[in-house]
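Taken from TrEMBL, the feature transmembrane segment applies to 33-55, 75-95, 102-120, 126-148, 160-180, 192-210, 321-341, 361-379, 386-405, 411-434, 446-466, 478-496. Sequence annotations record features per position, and here TrEMBL assigns domain 'Major facilitator superfamily (MFS) profile' to 37-502.
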Amino acid sequence: MYASREDIGYDFGDDSKARSKPIKPNPNIDGGWAWMIVLSSFLVHILIMGSQMALGVLNMEWLEEFNQSRGLTAWVSSLSMGITLIVGPFIGLFISMCGCRTTAIIGGVLNALGWILSAYASNVHYLFLTFGVTAGIGSGMVYLPAVVMVGQYFQKRRALAQGLSTTGTGFGAFLMTALLKYLCTEFGWRNAMFIQGAISLNLCVCGALMRPLSPKDLHEKCVVRSDSEENRAKALSHSTETIKSNGVLAEEPEKKEEAANEEVLGSVQHIEAGGKSGSGRRMYGLRILKTVSQLTVTVRKGFALWYSSYFGAASLFTNRVFVAFIIWALFAYSSFVIPFIHLPEIVKQYNLSRQDNVFPLTSIIAIVHIFGKVILGIISDLPCISTWNVFLMANFTLVTCILTLPLMQTYVGLAVVCALIGFSSGYFSLMPVVTEDLVGTKHLANAYGIIICANGISALFGPPFAGWIYDITQKYDFSFYIAGLLYMVGIIFLLLQPCIQKKQPREKSTEEAQV
């Protein structure tokens, strides 16, 4: 098991100067506007993730309307959920160039447009494009900024803040299911989607609340973090290249590029100053040139950060623990989604439909999942507790429940296992925290984009794979066993890598001592 953050004391440089300077904390870090960011993220999870978990209501309407196979119709929901997560790395590029606020507002408009256009669908294939792709990309453009902004605004209570914001998924599942059922009954599914599109425009309001922190505030947060969190993050780094990905050694190239950019803007400003005596038309043209130059510099800088995070010398993929985290994400999410999709069939096989109708097992998972996120977040924020250890323990509990669930053939047994699945899957709120510990705040958007992309691939192909296994064996048992074993492989990757990382800094110091 990985050691707590206090147990790691590797020295990665002389920070005495930074520590000696008294830093006045920003009142918006861990307080003030930070809680408005949590509220914004909470509403985003209700409107996006909650709506996606309620798509079963619309799926029934689409089956009746278009008379297509269940498999083909189910791809509409799968595409929407999968694309929301898979586009993560590309949304990271938008965030690097435009910022979280602009990206989220554009995504809100695109998501609403997807819902509204879907109201005029004439066939399922039309829904693939309008709802699956358009609304899915829009959802991704709002979801990633909502997670990243919470990570930027919180230092001491990051896990609790992420836990509170992501509980919107559970609340949204109940609220949006009831809303869509009511709208479909009263107005029909087409008008229901049109109204839902109008409601989704509130995502633009949520995006407007994502007020960016100034570079000075972000720098102060990183300096404050260096006493506790950075030691752990750097201990997980395996080489100089990994430290570059955290922005420690990659400052020189950035300074050179910033100097070049300032030179370009300076030349434009000089021309503008010299042309004050010129005509108004010329001044107007110079202002346009200045605006275009500033926009070009911003785009170039954002693209350079995005490119270096993925393909440059400071690539995130040079961090072995982060790569292991990606492998884990490829198997983890499907293990959570599969019970939601196939539990009703298992209940039917065991003749437990009467008890399940009183209190559905999927509802047990959803309710306990809300409490799991908050409680695990509170535990992880305790000074004596390692977030990494809490994350791993929750994963072990979940994989044990996945492997145990097929053995339960009574409603009480299934209910207990489902409650444990809901609680342990609360570790989803810790994923952004662990990611930030691995790569730093600066690269959180790009890194978490990769993680949710892996989750999207898992969500897209996991349930169909479980259905294919059922078609071969006529049992769901093997679906859960195979998903659980693959999940265990991902956890083993996470367990092995920190052990390697923990040894390497000591080996390096020994070599330096010999020299």
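We count from 1, first residue shown onward.
Every residue gets a Cβ built from N, Cα and C, even glycine.
Only sequence-distant pairs (6 or more apart) were considered; of these, at least three Cβ pairs between the transmembrane segment (75-95) and the transmembrane segment (446-466) are under 8 A, so the stretches are in contact. Tallying C-beta pairs under 8 angstroms between the transmembrane segment (446-466) and each of 126-148, 160-180, 361-379 places 126-148 first. Counted as Cβ pairs under 8 Å, contacts with the transmembrane segment (321-341) are highest for 361-379 among 33-55, 102-120, 126-148, 192-210, 361-379.
The transmembrane segment (411-434) makes no contact with the transmembrane segment (478-496), as judged by fewer than three Cβ pairs under 8 Å among residues 6 or more apart in sequence. For the transmembrane segment (33-55), the partner stretch with the most Cβ pairs below 8 Å, chosen from 102-120, 126-148, 160-180, 361-379, 386-405, is 160-180. Within the same chain, the transmembrane segment (361-379) stays apart from the transmembrane segment (102-120): fewer than three Cβ pairs sit under 8 Å, each pair at least 6 residues apart. Through the fold, the transmembrane segment (192-210) approaches residues 36-37, 39-41, 43-44, 47-48, 51, 58, 100-105, 107-109, 111-116, 118-119, 138, 142, 145-146, 149, 179-180, 183-184 of its own chain, all at least 6 residues removed from its boundaries and within a Cβ separation under 8 Å. Counting same-chain residues at least six beyond the ends of the transmembrane segment (478-496), those with a Cβ under 8 angstroms from any Cβ of the stretch are 321, 324-325, 327-332, 334-335, 338-339, 342, 392, 395-396, 398-399, 402-403, 405-406, 462, 465-467, 469-470.
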